[in-house]
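What Swiss-Prot annotates here:
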BINDING   Cys69, Cys71, Cys87, Cys90  Zn(2+) binding site
BINDING   Asp489, Asp491, Asp493  Mg(2+) binding site
Amino acid sequence: MIDRYKHQQLRIGLVSPQQISAWANKILPNGEIVGEVTKPYTFHYKTNKPERDGLFCERIFGPIKSGICACGNYRVIGDEKEDPKFCEQCGVEFVDSRIRRYQMGYIKLACPVTHVWYLKRIPSYIANLLDKPLKELEGLVYCDFSFARPVAKKPTFLRLRGSFEYEIQSRKYSIPLFFTTQGFDTFRNREISTGAGAIREQLADPDLRIITDYSLGEWKELGEEGPTGNEWEDRKIGRRKDFLVRRMELAKHFIRTKVEPERMVLCLLPVLPPELRPIIQIDGGKSMSSDINELYRRVIYRNNTLIDLLTTSRSTPRELVMCQEKLVQEAVDTLLDNGIRGQPMRDGHNKVYKSFSDVIEGKEGRFRETLLGKRVDYSGRSVIVVGPSLSLHRCGLPREIAIELFQTFVIRGLIRQHVASNIGVAKSKIREKEPIVWEILQEVMQGHPVLLNRAPTLHRLGIQAFQPILVEGRAICLHPLVCKGFNADFDGDQMAVHVPLSLEAQAEARLLMFSHMNLLSPAIGDPISVPTQDMLIGLYVLTSGNRRGICANRYNPCNRGNRVNFQNERIDDNNYKYTKEKDPYFCSSYDAIGAYRQKRINLDSPLWLRWRLDQRIIASREVPIEVHYESLGTYHEIYVNYLIVKSVKKEILCIYIRTTVGHIYFYRKIEEAVQGFFRACSYGT
């Protein structure tokens, strides 16, 4: 097991067969060495105990229950006085059951097997190192063809062929007998080679330094030749030079790391610890197993068949042995990377088996899901939606998420207020969702910030603090102005919420991480909280209003007579629907908003709003469009966007401006923001 205090880094590379056996082998008191998995079985169907020498064997991987062997005997773990440490009957070691998370086994392969990652992946390291085409190596690995390897100073079939021709008549009966005997297999195996064993021999023969020097010399020769004038030939030379560079880098890497290239061909296949490929019992006596177990069983079945062919049956044709070696190679390929050679292996339900590569690679793989990023307590995750009514430093948490995040705080509040006598009663009240639970939750949330994070966290603004409030629904509500820091939008993005527990974390969240305190980009200093496209569209809709102008209402086509002057008519193409009603008058913005909420007017309906006396309007030299006189002597001067009511003595009594409810809303929000800014500045000084 890796000690996290002693080991600060992890390196993945090729391992020797001796190291694989050292990981797995254990020596029993009787001198027996265990560690090799020889049987494809998992659990016995009657006793429901692991099969001996199987994929879940307790002798190889350790006991299922701490300190209890397969016989049922118990020993105290860690007690040096307890002797022996192994059960004399079953051979199981008396250790903690957590050993099954890291104790490995191995399968001794009857024939060498090429590691498919180094053969089929791009680039192919085996093909680059041997300087041979990938298709040729594949045909060799999967026994589609063989290559000659005559040995010096020994008779070969090619050398003896001449003597056979002269003595063909005298030996015409003995030669066929020779080809059917076991001696011919030895004779042939010395001359030809196929399978992964041939690859292993080629990887073990050459000197890496010679490969580096030879590749460097060829690269220099190609560089001295210069361009040939033929575009196709120049491209071919360029590709060859690039290949030579990759080959030299690969050879130097093997030299630097002191790794033998023949390790890319496996003789021992490691078996993962059982806890990493579990079998889970479910209701009805059924079980769910990891796909890797089935792939391991497939390898063991085929490997045992090959062992039987090589040991028990001496008269087995060589072609049958080669076919079985190919099946073993394909089984190991499927275990390591299912589907890398084409059609993936499927189960009875037409579901693709998850191989070792599928388990470790990708976003949901072992590294990114478990090692690099782990799930933590006091956290949740949900889709984000816009919260237009929220303040910049607030976020909306769904009730379902909030009650889970702050459950321990709510339980403490229920017990302190004597609403619940113990934790069990408090949890039952939370499950029943009593009203007192939500009241206590509101009190807890008022003094506790939360952290929102959106992956990937590329800079410090990727995680910010907010003051949570309860909202309905199942989505997290977020102010649109903080989206730029998270690089988020509302098209289905998800964000994680975390609860800072310690006082130091809460202080850091309040003083440094609150969203309203991170308004500028830490990189370039530009404003980070700027209106997004959604906000700009909303502001446009809010303030667009009715753009027909004052004249369009007076010269209404629906109410025109013979005195209509079409030259003075102001009509926009997008406003084709008019009414005969006059624009309403309101004494205050509250009356106008109340009328809108009562649905008496629309958001963009034009209206007259009484306004304070504005010197800019009074001093304006604009000529009124028309003047309305009343019976008491007062009169109204009507302009394009405002109206002035004057007395008989030409004193200004009041002013009305022509606006919409949308403009009123927008103006009030701007006014509140400005007043809040000045109030904050006055507090600061």
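In case you wondered, yes, glycine gets a Cβ from its N, Cα and C as well.
Around the Cβ of Cys69 (Zn(2+) binding site), the same chain contributes Glu58, Pro63, Arg75, Cys87, Gln89, Cys90, Val92, Phe94, each under 8 angstroms and 6 or more positions distant in sequence. Shown in sequence order, Cys87, Gln89, Cys90, Val92 are the residues of the chain, 6+ apart in sequence, with a C-beta less than 8 angstroms from the C-beta of Cys71 (Zn(2+) binding site). Ranking the binding-site residues Cys87, Cys90 by the number of CB atoms within 10 A of their own CB puts Cys87 at the top. In terms of local Cβ density within 10 Å, Asp489 ranks first among the binding-site residues Asp489, Asp491. For Asp493 (Mg(2+) binding site), other Cβ atoms within 10 Å of its Cβ number 16. Sequence-ordered, the extra residues of this chain that approach the Mg(2+) site, with Cβ no more than 8 Å from the Cβ center of Asp489, Asp491, Asp493, are Ile384, Ala488, Phe490, Gly492. In sequence order, Glu58, Ala70, Gly72, Asn73, Glu88, Gln89, Gly91, Val92 are the residues of the same chain, not among Cys69, Cys71, Cys87, Cys90, whose CB sits within 8 A of the CB centroid for the Zn(2+) site. DSSP assigns Cys87 (Zn(2+) binding site) to coil in the three-state reduction, placing it in neither a helix nor a strand.
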